[in-house]
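Worksheet: one structure, shown below.
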Amino acid sequence: MARGFQGVMLRGLGARDHQATVVDKEYIAPHFVRVRLVSPTLFDEVIVEPTSWLRFWFPDPDGSDTEFQRAYTITESDPETGRFAVDMVLHEPAGPASTWARTVEPGATIAVMSMGSRGFSVPEDPEDRPVGYLLIGDSASTPAINGIIEVVPHDIPIELYLEQHHDDDVLIPLAEHPRLRVHRVSRDDASSLAAALELRDWSNWYCWAGPEAGALKQVRTRLRDEFGFPKREVYAQAYWTEGRAMGSSRGETSTPAKPAAKTAPAKAAAKPAAASGAGTPEHAAAPAAATTGAPQAAPAPGAAQPRTPVRGRWRAEAGSRLLAPLKKPLIVSGVLQALITLIELAPFVLLVELARLLLGGAEAERLWTLGLTAVSLIGLGAVLAAAMTLWLHRVDARFAHELRGRLLTKLSRLPLGWFTRRGSASTKQLVQDDTLALHYLITHAIPDAVAAVVAPVAVLVYLFVADWRVALVLFIPVLVYLVLMSVMTIQSGSKIAQAPRWAERMGGEAGAFLEGQPVIRIFGGAAASRFRRRLDDYIDFLVSWQRPFVGKKTLMDLVTRPATFLWIILVAGVPLVVTGRMDPVNLLPFLLLGTTFGARLLGIGYGLSGIQTGMLAARRIQTVLDEPELVVRDRTGQAGTDHASGDQARPGTVELDRVSFEYRPGVPVIRDVTLTLRPGTVTALVGPSGSGKSTLAALVARFHDVTQGAIRVDGRDIRTLTADELYRRVGFVLQDAQLVHGSVAENIALAEPDAGLERIRTAARDAQIHDRITRMPDGYDSVLGAGSALSGGERQRVTIARAILADTPVLVLDEATAFADPESEYLVQQAINRLTRDRTVLVIAHRLHTITHADQIVVLDDGRIVEVGTHDELLAAGGRYRGLWDSGRYSSPDAGRPVSADAVEVGR
């Protein structure tokens, strides 16, 4: 079978045929068929991800030897058995793919390739995920869209715009997602789909678009010009072209396909019949309708919409906004570096001229003049480079001083929940590593990148002036290098995207393995084996990826070595010199500068990598600077905020009034909670993991601001209290005891820095930790920190002493015995009983045994209060709490060991 030029190109790039046999086919809709196939070799090189696709070579319906390439998304896959399936739209008039799909029978075979497929993935770090996904397509791209919908987390909204070309398009099923909205758009012309996009703020959304080519062009223009989508936040690829039956064809007489056909599916497409109705039918048959209600239809292109589009802001552009004040200095530094690079190259040119004069027997005076000029240029280049570096360091010092001030001010105003969500390592990277990366970007990256680009270009121009024939030959190893790199990139496929995910996953596995060594060595044979298996899997991944490239990488290294360029120069130049067509002196610039030409070109990539690293750091810093702060509201005009009578005015009263909270817009984790904590009482929060216990308690301490409703302490909305005012009223003891680097006394007195030693000792005695402190080498002056020698229970008692000294009327307590060692659990419970005496306590209960004497037990489920009462009342009611109690298994995933028989319950 003939496949034409593109078939040859694909084979040259390393693509290989896999024979696939048809197993069966199933009509999903009258014009939409699923073909199931099996191939014994396909999954040896294919890694299936959402939107992954395969190239099929379809026979010519007219019976010629020509084969036609089409690409289709993988909708089902089983690598173990080699089975897979693709969904195909049956177009009229039918092209090669549609004809094959209509007539194929089980047992038929077809050639399949996997070259060029690009999978879709959701960032693993929640901080890097978009606010939502905007999906745009039609029946041809629906299989890929379904793959995306299936992997998008359920807390992320999806807006789906589907262009309707046929009445039966509504019968094609869509994947389910709780936050999916479907907009059906009738096609009047190529602009219909773009015109239907909602006028709204699309800030930090990601767009995946795969409609017909004409519609895609209009969509991309509107996304860019009206909504401000940055290029990197849009994946756009036409899945077919209206009016072109073949899309892209290959054969002995066919025209080569467009390059785009190599990188994304181009479905075979004659113009489908347009939908007859003028309206926009709703997708009644989609599974999503069962979970989201009737999907929202898009407005018709002519429907009234707001006239002014809203240009969004994306995290991808945050780095540019942060560096905007440095735009002029960075441009000036680039121009200066270009000039300095030319000055530094000039002595080499003069050296060549000096050699010419020496060979020509020139006078000594001319030689001295030329030599002194070269030396002067070397000195001038060094002085200018030093002056520019000094100036850039001054610019960086001023910018870094101002930026660190802004960053520290911002960190002091961020909610505490921001820090608990990110962790100390991420914050350290922000303050230390990212600011250091910015230093390199400002002072070195731009000059390095400019020098890396200007130097080889200037050398190339000079060599072409010296002799264009030899200069042209120097491109041979460069082209070999680029071709090999392209082949490796294409053959790597989805493994390029998988590599950083593997590295991140193994970093986490290695950290957990090292941290858990004491337990793993004693009990953890399975854990150690699991880590070794993961490590073996990672090594297998790297070997399977890199082993086929050993020969290519060796050749790439050889063709870019100076010795290779020297041989090429000699092979090309010597015959020209021997035959008298080239002056021997003209070989000198090639011998001086041409041998390093390859290294100079490769330096461009290294120079640009510094800019990329710096821009990523700038993006992370600006993203933090854009985070919403905890704002202290003005009490004036805050209706319903303050109360001046009754229990609500008594110290220690906490009221939650119709409180709701969302980490992500539209995904509530606390739902309409109303609750009162009376002064001097203990309220326990219980419920299954993920019910919202910790989140609700964190809201009382204002780790986050409520989305709706209000929380009042002593009758005042906590949003009207400064941090100092709030934390004089509300204290908290976390399950993970936090100590700072400092003395024992300093750790206990964090909330009261002016407290005398006697008060500190009294608090320590009440917390049952005084005797342990006195046994330490320096007593209360002993230095503690994250790696102190105190046991878990002893560290918890230090934090309890801190809370006792703070003496807040309200206390949020994350059950502190969950990690206590057996020797200290009783002491921790005694300390808690002293701490909770005569205070309003909200305790997050991980074990029901510890809160049986609480004044009020609140049972949460899915962010809602489902039961409230005392232990006896809730047992008698026979509801959710009774079920938890009877099961005897209630505990959080981190609850630790069973409670000891001597444990003292909170509230007793």
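Cβ from N, Cα, C; glycine included.
Around G692 (ATP binding site), a 10 Å sphere centred on its CB holds 24 further CB atoms from the protein chains shown. Positions annotated as ATP binding site by Swiss-Prot: G687, P688, S689, G690, S691, G692, K693, S694.
What Swiss-Prot records for 15-124 is domain 'FAD-binding FR-type', and it gives sequence analysis as the kind of evidence.
Annotated region 'Disordered' per Swiss-Prot: 245-311, in sequence order.
Under 8 Å from some Cβ of the transmembrane segment (330-350) lie the Cβ atoms of residues 323, 370-371, 373-375, 377-378, 380-381, 384-385, 388, 392, 442, 446-447, 450-451, 454-455, 458-459, 462, 589, 592-593, all in the same chain and six or more residues away from its ends. Among the features that Swiss-Prot reports, transmembrane segment is placed at 330-350 (among others).
Annotation source Swiss-Prot lists transmembrane segment at 372-392 (among others). Away from its own ends, the transmembrane segment (372-392) comes close to residues 329, 333, 336-337, 339-340, 343-344, 346-347, 350-351, 354, 442-444, 447 of its chain (Cβ-Cβ under 8 Å, at least six residues beyond either end).
Taken from Swiss-Prot, the feature transmembrane segment applies to 445-465 (among others), supported by sequence analysis.
According to Swiss-Prot, the feature transmembrane segment maps to 470-490 (among others).
Through the fold, the transmembrane segment (558-578) approaches residues 467, 469-470, 473-474, 476-477, 480-481, 584, 586-587, 590-591, 594-599, 602 of its own chain, all at least 6 residues removed from its boundaries and within a Cβ separation under 8 Å. According to Swiss-Prot, the feature transmembrane segment maps to 558-578 (among others), an assignment based on sequence analysis.
Annotation comment: Swiss-Prot describes 587-607 (among others) as transmembrane segment, evidence class sequence analysis.
Neighbour counts of Cβ atoms within 10 Å were compared for the binding-site residues S689, S691, and the top value is held by S691.
Look at the Cβ of each of the binding-site residues G687, P688, G690 and count the other Cβ atoms within 10 Å; the largest number goes with G687. In this view, K693 (ATP binding site) is surrounded by 25 other Cβ atoms within 10 Å of its Cβ, with every protein chain counted.
For the domain 'FAD-binding FR-type' (15-124), residue counts in helix, strand and coil come to 11 helix, 51 strand, 48 coil, using DSSP.
Cβ environment of S694 (ATP binding site): D814, I844 lie under 8 Å away, each six or more residues apart in the same chain. Within the model, the domain 'FAD-binding FR-type' (15-124) shows a mean pLDDT value of 90, rounded to a whole number.
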